[in-house]
Every structure is written in structure tokens, then in C-alpha cells.
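**Student:** From TrEMBL, here are the annotated features:
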- 4-240: domain 'Aspartate/glutamate/uridylate kinase' (DOMAIN)
- Lys16: site 'Transition state stabilizer' (SITE)
- Ala47, His52, Gly159: substrate binding site (BINDING)
- Gly48, Ser217, Lys221: ATP binding site (BINDING)
Amino acid sequence: MVTRIIKIGGASITDKSQFEQVRLANIDFIVDLFKTNYKNLILIHGAGSFGHHQAKQFKLNQGYLATNDYDKCRWGVCDTRRSLGRLHQYLLNALLAAEIPVVGVSPFHFLASDQFELINENFQHLCQHLERLLSYGFVPLLHGDVLLDKSKHWRIYSGDDLLLKLAEHFKPRQCLFLTSVPGILRSDGSVIEEFYIDENQFDELNSQSTAIDVTGSMQNKVTIASEIVRKIDGCQVFIVQGVSDHSRQILSTPIDNPNIVLTGCTRVLKK
């Protein structure tokens, strides 16, 4: 049922060095990529400069730390979600303006965890909801979010982690990470066009970002992409700059093309 799951990186649509600063031209470019190929598509977006600042300030990725500032941290949960909602609305507006039948779906309303482990029953409810939306021809738009946790009160759940969980369930034919950089970069700045998960290439990687990010940046994306390739046979996984001819080339190339050759981005592979 699902052909593609695409994660729109927060850094590709916001300025992560500035508080709640959106890049509207980038959103318009990325939305245009989907205008003619949104069937059986799930979209996820990151937070970028919307939410990361608050999450870092209140250490929400660590849960509640049993200090004397519970009310302040609870307010931080609320403000983080308010901020995420602002960015989410920018994307919804742009997708609807492009006549893409998008429906916003908040993980907060479906998912919960215990000791930072997702509760499977809740995750299955989310998947059932997404399956209904897809069967009616809608495009679900999810995002990284704050979740409630039975033991730790709350936690941050990244869009990258959500992509992996949804990929394991739906087994798409292609997963894309649309980022602010051309792909996985070596320390000298060149692009690793084929990253093999069974070869130890992590020492070559450039950290690529000094911006605030409570969810792990590029190294986490590489780990998630590797897990998808390892677990889902036949799923193509690319890390590519969102605002680029390379992302347009990927999305305009038939997935079934056996001779697909793409440059200027990273394809994650296994031998």
C-alpha cells in the first residue's frame, strides 16, 4: 500500500540557528516535488528551529528529572508542541495550496512510551489510522513530537525514529531523507554516493552540523537508514539534499527502474 515514506528534515525547511525561522521558499520547492507523485505516500517532517530550542532548554529528551521545577518543565512540553504546530501548519498550508490531499497526524495523540520504549498497542492504533487515510487517498503528514511516557512523564520522539518504525510496519519500496546537505559527507566535504552498511565507514563522516539538535543529527540518520536497509529487503534508501535537482531526479525516476543511477546524493546499501 505504501510506496514511499519521506522524512523532510527540519534543517531543510528552517534556519536551525535562529528561533522559529522558517524557509518558505524551501518549503515551496519541496512541496512541488510531490505534486504529481503523492499516491501511497507518507510524509514526516522534522522540527528544525521549531521545538528544538525548547526541548533542549527543558531537557525533554531525558524525561522528567525529578527536580523542583515540574511546572516549568510541563510548560516546556506545552511550548514545544505549540512550536511544532506552527511549523506543521506552514507545511499543511503549502501542501494544500499545491492541491495535495494532506491530513496532519500528530504522534502525540496516538503514541505513548514506558521507559522510552514505545507501547506497541498505541503504535498499532496509529498504523491503523494511517492505513485508513491512505485507503481513502489522503497523504498523512506526521512529525517528530513530544510523547507522554508512563515512567518518565515525557520524551522526545524524533521524525527519524518514526520513519524507521513506520518503514518496519508498511515496508515501503523507497525511503528518502531530505536534508540540508547533499548526502552523507566525508570529512573532506565530498559526498559518499554509496554507503554500505556492512562496511565501517563511520570514521569517514563529517558531523555536518553545529546547530541545536536534540535528536542526533546526521549520525542518527545514517544509523536509521542502515536499519531500514538491513530490515526491509528491496527498499531503496537515499539521503539527499531536499532543495536540489538531485531530489527532483529521485522523485521523477520510476522506483522499478533496474538501472537507476543517481549522483550527488547518498544511497544506503548492503552488499
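Using the three backbone atoms N, Cα and C, a Cβ is placed for every residue, glycine included.
Keep in mind the model is a prediction, meaning the values are calculated, not measured.
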**Student:** If one measures from the C-alpha of Gly48 (ATP binding site) to the C-alpha of Lys16 (site 'Transition state stabilizer'), what distance in angstrom results, rounded to a whole number?
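**Tutor:** Cα-Cα, rounded: 5 Å.
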**Student:** Tell me which residues of the chain lie with their Cβ under 8 angstroms from that of Lys221 (ATP binding site), as long as they are six or more apart in sequence?
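**Tutor:** Lys221 (ATP binding site) has long-range Cβ partners Asp160, Phe177, Thr179, Ile239.
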**Student:** Could you tally the C-beta atoms, other than its own, that fall within 10 angstroms of the C-beta of Lys16 (site 'Transition state stabilizer')?
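**Tutor:** Here the count is 23.
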**Student:** Hey, of Ala47, His52, Gly159, Ser217, which of those binding-site residues are within 10 Å of Lys16 (site 'Transition state stabilizer'), Cα to Cα?
**Tutor:** Ala47, His52
**Student:** 10 Å Cβ neighbour count around Ser217 (ATP binding site)?
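**Tutor:** There are 18 such Cβ atoms around Ser217 (ATP binding site).
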**Student:** Quick check for the class: what is the C-alpha distance, in angstrom and rounded, between His52 (substrate binding site) and Ser217 (ATP binding site)?
**Tutor:** 12
**Student:** What's the longest C-alpha separation between any two of Gly48, Ser217, Lys221, the listed ATP-binding residues, in angstrom?
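**Tutor:** Largest Cα to Cα distance for the ATP-binding set is 14 Å.
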**Student:** Work out how many Å separate Ser217 (ATP binding site) and Gly159 (substrate binding site) at their Cα atoms, rounded off.
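**Tutor:** Per the Cα atoms, Ser217 (ATP binding site) and Gly159 (substrate binding site) stand 11 Å apart.
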**Student:** Counting Cβ atoms within 10 Å of each candidate's own Cβ, which of the binding-site residues Gly48, Gly159 comes out highest?
**Tutor:** Gly48
**Student:** Just name the winner among Ala47, His52 (the binding-site residues) by count of other CB atoms within 10 A of its CB.
**Tutor:** Ala47
